[in-house]
Amino acid sequence: MSNARRSERGPMMTGGTPLRSLDEEELLGHIFPAFPPGADLVVAPGDDAAVLRTSDRTIATTDTVVLGRDWLDAWSSGADIGHKVVAQNLADVAAMGGVPTGVLVTLVADPELSLEWVLDHVRGLAEVCTAAGVAVLGGDLSSAPPGVVMVSVTALGRLDGEPVLRSGARPGDVLAVHGSLGLADAGLRLLQADAPDRLPEATERQRRPEPPLAAGPQAAAGGATAMLDVSDGLLRDGGRIARASRVVLDLDLSALVPDVDALADVLGAEQALDCVLAGGEEHSLLATFPAGVLPAGWRAIGTVRAVRDDEAPAILVGGRVVTHTGWDHFRAT
Ligand SMILES: Nc1ncnc2c1ncn2[C@@H]1O[C@H](COP(=O)(O)OP(=O)(O)O)[C@@H](O)[C@H]1O
Ligand SMILES: Cc1ncc(C[n+]2csc(CCOP(=O)(O)OP(=O)(O)O)c2C)c(N)n1
Ligand SMILES: [Mg+2]
């Protein structure tokens, strides 16, 4: 391979032991010891499939990250990516009102990828699983063309009550958030500007989202009528609740001032507002609750009202339509 081709691949693939020097069994022999034991794991990884003791209703979700689309080698370590891909999956389980129980992990990689990156990656994902009491059930390995690395995680979860859907918001409900808004997008912008140290909290959130997992089942038990995690931006994800529930969500801009202020010194007021309204990858939880029942840790950021004859279901800011769009994988902007 030419040096030019190697340098395109970046440090993940240019130092250490390339995966092509191992066979699959050897690689799995390195990977399995990193996984947490898992109290409900009846058959651990290594057989044709794992066996997990679980509830009678199981939540299932999957999310994938791709090098160059979801992270750059220069920004994130293997452990960061392990943390991120698991956290974003567990956030989807929490957003249904469930408790995550297990994950399956598929790594598809250029054989030049280093074993050291993979082991760091496995350590990062095992850390999140251990902290959340989640078992690693297994996964798959496959090779990929030059420069390609992707990790796909499938998460399972237990549902103790009723699932909280996107479609249950009712006029008169309060719109509330648990967690920060805009930090991960601010971190992305700072990484893109090669200035990650200007707001370390933001770059850390971009690298390692911290979804409030316990707040999902807490919200479900506390009467949440609709819920999701903010992965594509407050307005875009809020719009999904509005359309599924056939209501109008009206954001109260004054409730978002602390989020904007936390970013404005570094990014300026306009970009800070953009991050808060449209920033993806935050994985905070957004939910609606009947008025007067907001559980601890949730803060009201708006209201839910009926759709008028002359309008469609939508999310508004201070009663007005806004044009910030949020993240979309396919649309060229
Ligand atoms: N390729 C696909 N095939 C089948 N279902 C899909 C596919 N991609 C997404 N979905 C489903 O569409 C819905 C929305 O997906 P997505 O926007 O990724 O949700 P989230 O933001 O919660 O991860 C989910 O129910 C998901 O399972
Ligand atoms: C190199 C790079 N470019 C762009 C982004 C920004 N980005 C990637 S995915 C995404 C949105 C969330 O991802 P998605 O797969 O849509 O999550 P889901 O909604 O399925 O949970 C954003 C803002 C990034 N993190 N890294
Ligand atoms: Mg998804």
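Every residue gets a Cβ built from N, Cα and C, even glycine.
Taken from TrEMBL, the feature Mg(2+) 4 binding site covers Asp48, Thr61, Asp92. Taken from TrEMBL, the feature Mg(2+) 3 binding site applies to Asp48, Asp92, Asp229. Per TrEMBL, the feature Mg(2+) 1 binding site maps to Thr62, Asp63, Asp140. For Asp63, Asp92, the entry in TrEMBL reads Mg(2+) 2 binding site. Look at TrEMBL and you will find Asp70, Glu281, Trp327 tagged as substrate binding site. The annotation ATP binding site is assigned in TrEMBL to Gly139, Asp140, Arg166, Ser231. Annotation source TrEMBL lists Mg(2+) 5 binding site at Asp232. According to TrEMBL, the feature compositional bias 'Basic and acidic residues' maps to 200-210. The annotation domain 'PurM-like N-terminal' is assigned in TrEMBL to 46-158. Per TrEMBL, region 'Disordered' is recorded for 200-221.
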Just checking, which of Asp48, Asp63, Asp70, Asp140 (binding-site residues) has the fewest C-beta atoms within 10 Å of its C-beta?
Asp48
Arithmetic mean of per-residue pLDDT over the domain 'PurM-like N-terminal' (46-158):
97
Quick check for you: of the binding-site residues Thr62, Asp63, Asp70, Asp229, Asp232, which have their Cα within 10 Å of the Cα of Asp92 (Mg(2+) 4 binding site)?
Thr62, Asp63, Asp229
Indicate whether Asp92 (Mg(2+) 4 binding site) is helix, strand or coil by DSSP.
helix
Just to verify a number: CA distance, Arg166 (ATP binding site) to Asp229 (Mg(2+) 3 binding site), in angstrom, no decimals.
10
Residue pair Asp48 (Mg(2+) 4 binding site), Asp63 (Mg(2+) 1 binding site) - Cα distance, angstrom, rounded:
22
My understanding is the cutoff is Cβ-Cβ under 8 Å with a sequence separation of 6 or more in the same chain; which residues meet that for Glu281 (substrate binding site)?
Gln88, Ala184, Asp185, Leu188, Gln206, Pro209, Ser231, Trp327
Can you list which of these binding-site residues (Asp92, Gly139, Ser231) have a Cβ closer than 6 Å to ligand 1?
Asp92, Ser231
Can you name the residues of this chain that are 6 or more positions from Gly139 (ATP binding site) yet have a C-beta less than 8 Å from its C-beta?
Pro45, Leu104, Val105, Thr106, Leu107
Of Thr61, Asp63, Asp70, Asp140, Arg166, Trp327, which binding-site residues come close to ligand 2, meaning Cβ under 6 Å from one of its atoms?
Asp63, Asp70, Trp327
